[in-house]
Amino acid sequence: MAKLTVKDVDLKGKKVLVRVDFNVPLKDGVITNDNRITAALPTIKYIIEQGGRAILFSHLGRVKEEADKEGKSLAPVAADLAAKLGQDVVFPGVTRGSKLEEAINALEDGQVLLVENTRFEDVDGKKESKNDEELGKYWASLGDGIFVNDAFGTAHRAHASNVGISANVEKAVAGFLLENEIAYIQEAVETPERPFVAILGGSKVSDKIGVIENLLEKADKVLIGGGMTYTFYKAQGIEIGNSLVEEDKLDVAKDLLEKSNGKLILPVDSKEANAFAGYTEVRDTEGEAVSEGFLGLDIGPKSIAEFDQALTGAKTVVWNGPMGVFENPDFQAGTIGVMDAIVKQPGVKSIIGGGDSAAAAINLGRADKFSWISTGGGASMELLEGKVLPGLAALTEK
């Protein structure tokens, strides 16, 4: 990566501004999944071990008006982080003002402070989300000229707490998590060890058009599963029953198939049910066609076998999107089958592009078998699409 990283700067005695991604799920004030906090620990620990004073920024959820602040404070995150670090985390509970400034100025080397939810600034004219110039300058002024961006999950957004601060400091550098995310995903797409197989699932073709186009150029094979299968089926005149379809994307699907040169591999059968919820019948289709009155909710056993075959010998695999409605045990087999086919390949570099696929790997007990699981759904999608991420572009060149 041609950008400066946290290891390239002297941190001792410095007030170091750090953008982390602590956008964790909360239920009644309790964190239900702390993966993102854990993922940020190496960078935070490095800064404090080097004698820096870490000033952390993160958003949590969406905040548009005063009422939205309810339940969106980072206070539970501060407590969880303190427990993980084994030291106090200063939490002034504000995003600006004398209370924050005094707390920052009182920090000693090796101490950590967490600023309140950056999106609280969105109540006043979306200042965080619209990268308000004054806000970026103000936050930048709280440190000593060094900004560490370790929030891959928001790297595809130009906000005051990433791009805004970057523009107003002497050195904007990547943290370890951001560095790893870029290394794994970008290298997989740009300089993969071959054969390189991409697997794309999920419900909508519209979400993945750019990704499919980019990966058709880069990968040796692109396997398609999930609900978007049926838009590709209908585009070819295959019966899809009541399956999900994007009527306005049929031409796009047809075009992708025509220009794929046989690289695009679709399922050959489905697991169908007579309703999405409250169904009374679940069965495998004979071939591609879905029965009248039924809808496809997972890829079928023949497809699992075909995908297993297509993955044989793969050295690089990027997977984004489940093969079916994996939250329901009746429609998990496709996602499990594909995961198992990926991880059994000898010497494979296997990467999950965040979002639902990451949730599937974690919930179905396969997470530790993958080389890398991305922490950013939208950001990893844009990298897979070949886009430049604003949060990354704003960092200082080496």
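Our numbering is plain: 1 for the first residue shown, then up by one each step along the chain.
Every residue gets a Cβ built from N, Cα and C, even glycine.
Fair warning: this is a prediction, and the values are worked out from it, not measured in the lab.
The substrate site recorded in Swiss-Prot includes ASP21, PHE22, ASN23, HIS59, LEU60, GLY61, ARG62, ARG119, ARG157, and the single candidate from ARG36, ARG53 that the record places there is ARG36. Working note on the binding-site residues ASP21, GLU327, ASP356: by count of other C-beta atoms within 10 Å of each C-beta, ASP21 ranks first.
Of all residue pairs in the substrate-binding list (ASP21, PHE22, ASN23, ARG36, HIS59, LEU60, GLY61, ARG62, ARG119, ARG157), the one with the greatest Cα separation is 18 Å apart. Using CA atoms as reference points, the binding-site residues ASP21, HIS59, ARG119 were checked against GLY355 (ATP binding site), and the closest is ASP21. Cβ-based neighbour count (10 Å, all protein chains) for GLY355 (ATP binding site) stands at 19.
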